[in-house]
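A.B. asks: Got a structure for you, written out below as structure tokens; questions coming shortly.
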Amino acid sequence: MAVQGSQRRLLGSLNSTPTAIPQLGLAANQTGARCLEVSISDGLFLSLGLVSLVENALVVATIAKNRNLHSPMYCFICCLALSDLLVSGSNVLETAVILLLEAGALVARAAVLQQLDNVIDVITCSSMLSSLCFLGAIAVDRYISIFYALRYHSIVTLPRARRAVAAIWVASVVFSTLFIAYYDHVAVLLCLVVFFLAMLVLMAVLYVHMLARACQHAQGIARLHKRQRPVHQGFGLKGAVTLTILLGIFFLCWGPFFLHLTLIVLCPEHPTCGCIFKNFNLFLALIICNAIIDPLIYAFHSQELRRTLKEVLTCSW
């Protein structure tokens with residue numbers, strides 16, 4: 001792999017500095033004595049990837065097994081799990097190859113390793129982009145189900161969902177390939193950052209609007225039962241906590257990665273930014289943690305899915 005030192009798990013494209021930007025690599029004395037670098041061990045990185053790989057594979061298998069789950073909503077959830085599976089799988093593969101190379105158990109020509117590195121980079125980037133897209137698609141699907149409940153099944157049909165899924169996958173592969181090919185252009189990094197911010201704003205606006213509507217609905221029910229304040233406030237607090245957790249996890253897991261991209265453009269040679277650059281492996285680990293958390297938030301809350309999952313696990317034994 002085209003990797004060096006403590007950051008050997010950087011995507012090949014992000015392990016190099018764009019030619020339009022000053023050199024990213026900082027010497028130890030440039031980053032300062034107080035520079036904090038969180039080391040992610042090979043074992044931890046590999047373990048997180050394997051847990052995410054197994055968990056998301058179970059989600060995909062469960063949805064595929066049960067025909068009752070072949071709906072637009074579960075189609076998006078299944079594709080989110082598949083994206084997270086690819087994110088984890090590509091990082092597990094890269095880590096395994098690196099460990100085998102370091103141990104001398106694997107010998108390969110530089111050209112072969114470079115091609116493998118490029119393939120892994122494209123898979124990782126495309127799965128990251130598609131994962132963000134499917135998180136947004138799930139938010140849009142839930143929004144339509146609440147605000148257009150009577151027309152939901154005519155608006156969100158399975159053929160339309162499949163076309164949306166196909167468009168997301170094709171766009172993710174195309175743009176990730178362009179990203180790998182033109183990683184030395186600042187515009188590419190800015191586009192990725194803008195895309196992340198757009199997904200964050202989209203999810204925040206939709207979920208906040210859904211929470212407001214749910215609170216209004218609870219308030220109306222409370223009025224009918226003459227118990228407005230306790231019910232409304234309790235429901236609003238629970239909804240606010242749920243929303244905070246959902247958006248907080250998304251921002252915590254994805255934010256550092258895109259902060260890294262932003263700082264590459266804004267301050268590639270600043271000592272403080274250099275400290276942040278040193279923790280890129282941590283940022284990748286956080287994205288894999290998000291891949292572990294996603295099924296808990298979007299999939300396993302379904303009683304039907306949990307029941308089918310038990311059947312899948314029983315059959316596997």
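Just so it is clear, glycine is given a Cβ too, placed from its N, Cα and C backbone atoms.
Pasting the feature list from Swiss-Prot:
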| type | residues | note |
| --- | --- | --- |
| TOPO_DOM | 1-37 | topological domain 'Extracellular' |
| CARBOHYD | ASN29 | N-linked glycosylation site |
| TRANSMEM | 38-63 | transmembrane segment |
| TOPO_DOM | 64-72 | topological domain 'Cytoplasmic' |
| TRANSMEM | 73-93 | transmembrane segment |
| TOPO_DOM | 94-118 | topological domain 'Extracellular' |
| TRANSMEM | 119-140 | transmembrane segment |
| TOPO_DOM | 141-163 | topological domain 'Cytoplasmic' |
| TRANSMEM | 164-183 | transmembrane segment |
| TOPO_DOM | 184-191 | topological domain 'Extracellular' |
| TRANSMEM | 192-211 | transmembrane segment |
| TOPO_DOM | 212-240 | topological domain 'Cytoplasmic' |
| TRANSMEM | 241-266 | transmembrane segment |
| TOPO_DOM | 267-279 | topological domain 'Extracellular' |
| TRANSMEM | 280-300 | transmembrane segment |
| TOPO_DOM | 301-317 | topological domain 'Cytoplasmic' |
| LIPID | CYS315 | S-palmitoyl cysteine |
A.B. asks: Which range out of 119-140, 164-183, 241-266 gives the transmembrane segment (73-93) the most CB pairs under 8 Å?
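C.D. replies: Between the candidates 119-140, 164-183, 241-266, the best contact partner of the transmembrane segment (73-93) is 119-140.
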A.B. asks: Just to be sure I understand, if DSSP states are collapsed into helix, strand and coil, how many residues of the topological domain 'Cytoplasmic' (141-163) fall in each?
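C.D. replies: Helix, strand, coil within the topological domain 'Cytoplasmic' (141-163): 20 helix, 0 strand, 3 coil.
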A.B. asks: Does the transmembrane segment (38-63) reach the transmembrane segment (280-300), going by 3 or more CB pairs under 8 Å (6 or more apart in sequence)?
C.D. replies: yes
A.B. asks: At a threshold of under 8 Å on Cβ distances, which of 119-140, 164-183, 241-266, 280-300 pairs most often with the transmembrane segment (192-211)?
C.D. replies: 241-266
A.B. asks: Which residues of the same chain, at least 6 past either end of the transmembrane segment (119-140), have a Cβ under 8 Å from a Cβ in it?
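C.D. replies: Contacts of the transmembrane segment (119-140) (Cβ under 8 Å, skipping residues fewer than 6 from its ends): 1, 11-13, 73, 76-77, 79-80, 83-87, 89-91, 93-94, 164, 168-169, 171-173, 175-177, 179-180, 195-196, 199, 202-203, 206-207, 250, 254, 287, 291, 294, 298.
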A.B. asks: I'd like the Cβ neighbour count for CYS315 (S-palmitoyl cysteine), meaning other Cβ atoms within 10 Å of its Cβ, all protein chains included.
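C.D. replies: Summing over all protein chains shown, CYS315 (S-palmitoyl cysteine) has 9 other Cβ atoms within 10 Å.
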A.B. asks: I'm checking region-level scores; what's the whole-number mean pLDDT for the topological domain 'Cytoplasmic' (212-240)?
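C.D. replies: Across the residues of the topological domain 'Cytoplasmic' (212-240) the model's pLDDT averages 63 on the 0 to 100 scale.
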